[in-house]
Amino acid sequence: MKGWTGRMRGITLTHLPPPLTRFSVILTHFCSVSPQLCLLLLFAAYAVIANGQVECPKGFKRMNVTHCQDINECLLPGVCKNAECLNTKGSYRCTCKPGFMLDAARSHCVSDKAVSDHRDSCYRSVSSGMCSLPLANHITKQICCCSRVGKAWGNECDRCPLPGSDHFKEICPAGHGYTYSRSDVQISLRQLEQDELQSTGVTLEEQYSEFPSSQPSRHNNYPQTPQLAQYPEYPETPRVPQYPLTPQSGQETPRLEEDVEILMPPAVVTDSPPDHPDINKCATSPSICGRGKCVPAQSGYTCDCEPGFKLSALQNSCIDLNECEGDPCERKGRCINSYGSYTCQCHSGYSQVITQNRKFCQDINECSMPNKCQNGQCVNTEGSYTCECNAGFAKSWRGLCEDIDECRDPSSCPNGNCVNTLGSFQCQACGPGFRPIGGRCVDVNECLNQTICGRGRCVSREGSYMCNCFQGYTLSPDNVCQDVDECVLPGVCLHGHCTNLDGTHKCTCNLGYQVSSDRKSCEDLNECASGTACQAGICINTPGSYICQKCGPGFGPSVDGLRCEDIDECAQGDLCYKGLCANAEGSFFCTQCQAGYRVSEDRQRCEDIDECQSLSTCSNGICLNSEGSYTCENCPAGYRVSFDGELCQDIDECALPTTCPQGKCTNTDGSFKCVTCQPGFTVSDDEQECEDVDECSEGNLCPGQLCVNTPGFYTCRSCRAGFQLSEDSHTCEDIDECQAPGVCLGGVCINTEGSFSCMSCDLGFSIAPNGLSCEDVNECEDASLCLGGQCTNTIGSYSCSCPSGLELVDGTSCRDINECLTMAGICVGGSCLNTKGSYRCMCPDGFTPTDGRPGCQDVDECSRDDVCIRGECVNSDGSFLCLCEAGFKFNTDSADCEDQDECQEFGSSVCGTWSCKNTIGSYSCIMPCQPGMLSRDCGE
């Protein structure tokens, strides 16, 4: 160190910096007592002193030129996530909360749900609660659901949690593609500890073998260490070793150069009575020393204590040796004494090393670990390390080499834009709308030119500007606000004429419209609001106009519908009948009615005058008023109305040709009478006519014929059809046709006047359309008769004929005959199968139906060319026999004779001890070769 010199024993301080002169007395005292305490004060309190300034170690911050203060990292955000933070001098420790554990990188605590050893099926597809497409191997739920491969896991088909959910964060705290497992954490810890122990020569297994049991015990004569804490503690930053500042009383100051083992001769216990020097305490009480061996001595006994134990103050037993009083951990860790041993809980940056003689803390070379000092060179220090950053990087307050933003220096890019890069920077030329100022490209404010946008407001943008045009203006392609010709836009000045103005427009409206208040549109004019429109009706406003509806009596809407005008009722032609019509405003009146009419009181019509009100009218009859006149009616018999209709005058009936046509007429007042009639006629009793004389009633004028009286005479004629002359020959009487034979055959005859009718025809007959006979009914027209057969109509009935194989049932339908049941001996040699109208014989194998006869006949298989080719075929009933030649046998599959392998079927019984060789249709025996025989005479 600069500014002082000294030796390990008897340190002398010279040339201390001015800020430290006040501590010189204290330093001199401690350096004379303990060189270690001297170094501790210099390193722990002030770290490195250079150029009169204190450079604080990591975990401390400089308060002034003489003092470094510890940084409380627990107050920093994001430190010790899911853990409890404990600040320490120069560092801090994180203790994971219950339910959390240290991750492999020792960077934070993760949920213990992120680690699982249970393996099961991982499914790549799940739908409607059903899992499918399982992976070949069983994996943990974390690997399945965190790897984007699995959709569900386990035999219960549990869906993987959705990314971003709390459950997903528990089992996948590192996100997609990363998983934690217990083995991963253990391997990471194991590799780290192997690296830490490389320089000690002690393996990991040896270190772990020193872990103690629950009871104090010896193991290979090495001291035991306590169990590890339940939740791991880990450092975030290197720590400054914590050492006591004052030595304990009676404690020997450890040496820095090397470890020295001080051997002291054991004391002798002399508690035996002086008068019994021969009593051997070790023999009578072998365990008197406890954790040691009792050794007899001349004056009593002494104890040879086990390692980790020492003689008690009374020198009569072995008690635990507190190794921590000698600081075996060399102030690089915390010494924890245990019964018969001790352990070192090393500070951050150190790891415990176990040798044959002792345990101590050794510096960890952090620079040998991966990912240390990125963007820099790692330099290992005692209990820690430091990073020497590469060019373009600087050490941050966290001790990491972070990129230097050179662009903060205005001189980096004086004529362009500075772009920072990792470990360096780049200079870029300013683009349009920017200008270089102090290494940066600064936006040019184009809006300082107030006329740049014209009729609009300028808005500056990064590297450009934008014009917000006023209403009535729009932005042109060259970024200038120009007038908008609203008159070319659709819907502008509807119902009027548009005139474009600078920044606006005005409207000149059509008839029925008026200009709006802003003069930019035409709106409808409500003509009905003036009260002068449609004075004789109801005004209804319409867009651009109005119409008149419901005009008053005598008025109607005009052709254009804009007013109610007078209706000329006289032009309709049906008013003022029998008079003249005169039109008036809203009405009309009648004048100059014709004779027999007069004007009504309302002057709306010409009404009839009732002349019958005068008693002198129609004095000899009844007066009947008529429209515009009257008539005399109901004159007495023999009278009639005169031509003028005003009186009843006598009728000269004799002047009429219909009066007394067969005689001579004499007129009387109001009547007449016939006086002389022609032959065949006679005057009636009332003398009003000449009536006919019925000559047929006077005698037998038409013998054998019918006498028919005629006006003034008579005639003789025959009777009409259905009648015959009566016995007196005076009348025609009805003929009873029902008495004639052959009338209404098959029915009942009913006689009628001049005719007859047939009723109640017999079954199979019906009444003819003229009703005079019963005609046959064609029953075959009924489709429900003779079902399945042929219908033949007969007189009064019908008959059914069924085809072969069917029989008639109830005379109305045909039913199938089951020949298999009714015909004896049918299908001999086979089975009978009934069919519609017939049957079929089902013959067994070897038989076929006979031609034209019911039954089955044998099939002659021997007549086939493919049967028994190599043998003699003998036909049999339903089958055949194939008589094979010697050396052949019958094959049922091929229905032929095939070669018989006698050598295989009969074995050694064929040739005995000779070799058998099969041939087609036979075999041959070959003698085995004997010594002296030629090979052609024997078999191989």
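Glycine too: its Cβ is placed from the backbone N, Cα and C atoms.
TrEMBL has this to say about the protein:
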COMPBIAS  210-228  compositional bias 'Polar residues'
DOMAIN    70-110  domain 'EGF-like'
DOMAIN    120-172  domain 'TB'
DOMAIN    320-356  domain 'EGF-like'
DOMAIN    363-402  domain 'EGF-like'
DOMAIN    443-482  domain 'EGF-like'
DOMAIN    483-523  domain 'EGF-like'
DOMAIN    776-812  domain 'EGF-like'
DOMAIN    816-857  domain 'EGF-like'
DOMAIN    858-898  domain 'EGF-like'
REGION    206-254  region 'Disordered'
Are there residues at least 6 beyond the ends of the domain 'EGF-like' (858-898) whose Cβ is under 8 Å from a Cβ of it, and what are they? 844-848, 920-923
Within the same chain, where does the domain 'EGF-like' (443-482) have neighbours whose Cβ lies under 8 angstroms from its own Cβ atoms, ignoring anything closer than 6 residues to its ends? I mean 6 or more beyond. 431-435, 502-504
If I take every residue in the domain 'EGF-like' (320-356) and average their pLDDT values, what number comes out? 90
Taking DSSP H, G, I as helix and E, B as strand, the domain 'EGF-like' (776-812) contains 3 helix, 16 strand, 18 coil
